Amino acid sequence: MRIAVLTGAGISAESGIRTFRATDGLWEEHRIEDVATPEGFLRDPGLVHRFYNMRRADAARAQPNAAHRALAELARHHQVTLITQNVDDLHERGGSPEVVHMHGSLLGALCAGCGHRWPASLVMRAADPCPACGRPQTRPDIVWFGEIPYHMERIWEAVERAQVFAAIGTSGQVYPAAGLAQHARRAGAETIELNLAASAVAGDFARRQTGPATRVVPEWVAGLCR
Ligand code: APR
């Protein structure tokens, strides 16, 4: 079966990685305009690097959980396109063979000058010279607000071809990710939301499994892999 899965910060919450919009979320402590926009980077690249260096260290300490591993199991039984808004590498370390990072990755560095990409070091600084052009304009390879998410053609195609579309651990507040369920449903997919609570786009899903990802995702996958 062709399955498209969209994950958000909630799937990594039980691995100890903070989500964004919970009461102790990242956006309670940091202003999006300061650390997650191109303008914020131009204004204070050091602040942006400190924010992502902290997130990179948190992600490096975290371990994949049962939900990440269940999605890897799902890919052993079905044609799964795993689309994630997350920038950690827990899906890869949990065994998923292919992950589409629509918001980029903490493991990537990008030159704001020439566009060259290379593997990020654990601690990055704007002054790090670009290996290709030498300019000191190193930024995290993360898609910031106001920028175009990565791999959208591939994502729309996978969502349109999917027989099942599942969203896991996302609040449904950021587009285009939040619009994928409606797109899938219009294309005829069976849609399900797995989350601790109803998301902002809960009405776009035909079904919902409520609970922590480490319980509801393995249960959902077991039902598809019998
Ligand atoms: N199990 C399942 N769901 C959970 C769990 C859990 N243990 N813990 C939290 N959640 C759910 C919350 O109910 C919420 O719906 O995860 C979601 C987290 O929402 P956000 O913090 O808004 O994260 P996300 O939806 O991934 O944000 C989308 O916004 O700031 C940008 O680029 C950033 O990719 C991010 C995007």
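Any Cβ shown, glycine's included, is placed from N, Cα and C.
Heads up, TrEMBL stuff is auto-annotated, nobody curated it.
According to TrEMBL, the protein carries these features:
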DOMAIN    1-226  domain 'Deacetylase sirtuin-type'
BINDING   8-27, 85-88, 169-171, 195-197, Ala213  NAD(+) binding site
BINDING   Tyr52, Arg55  substrate binding site
ACT_SITE  His103  active site, proton acceptor
BINDING   Cys111, Cys114, Cys130, Cys133  Zn(2+) binding site
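A straight line from the CA of Gln85 (NAD(+) binding site) to the CA of the residue listed as 'active site, proton acceptor' spans 5 Å. Spacing of Phe20 (NAD(+) binding site) relative to Cys130 (Zn(2+) binding site) is 30 Å (Cα to Cα, whole number). Put simply, of the binding-site residues Tyr52, Arg55, Cys114, the one whose Cα is nearest the Cα of Leu196 (NAD(+) binding site) is Arg55. Distances between the Cα of Gly169 (NAD(+) binding site) and those of the binding-site residues Tyr52, Cys111, Cys114, Cys130, Cys133 are shortest for Tyr52. Cys133 (Zn(2+) binding site) counts 12 other C-beta atoms within 10 Å of its own C-beta, drawing on all protein chains shown. Of all the binding-site residues listed here (Phe20, Tyr52), it is Phe20 whose C-beta has the fewest other C-beta atoms within 10 angstroms.
Mapped onto three states, the DSSP output places Cys111 (Zn(2+) binding site) in strand. Around the Cβ of Gly169 (NAD(+) binding site), 27 further Cβ atoms fall within 10 Å across all displayed protein chains. Look at Tyr52 (substrate binding site): DSSP puts it in a helix.
Checking each of the binding-site residues Tyr52, Arg55, Cys111, Cys130, Cys133 against Gly8 (NAD(+) binding site) by C-alpha distance, the shortest gap belongs to Arg55. Neighbour counts of Cβ atoms within 10 Å were compared across the binding-site residues Cys111, Cys114; the minimum falls on Cys114. Reported as a whole number, the C-alpha separation between His103 (active site, proton acceptor) and Asp24 (NAD(+) binding site) equals 22 Å.
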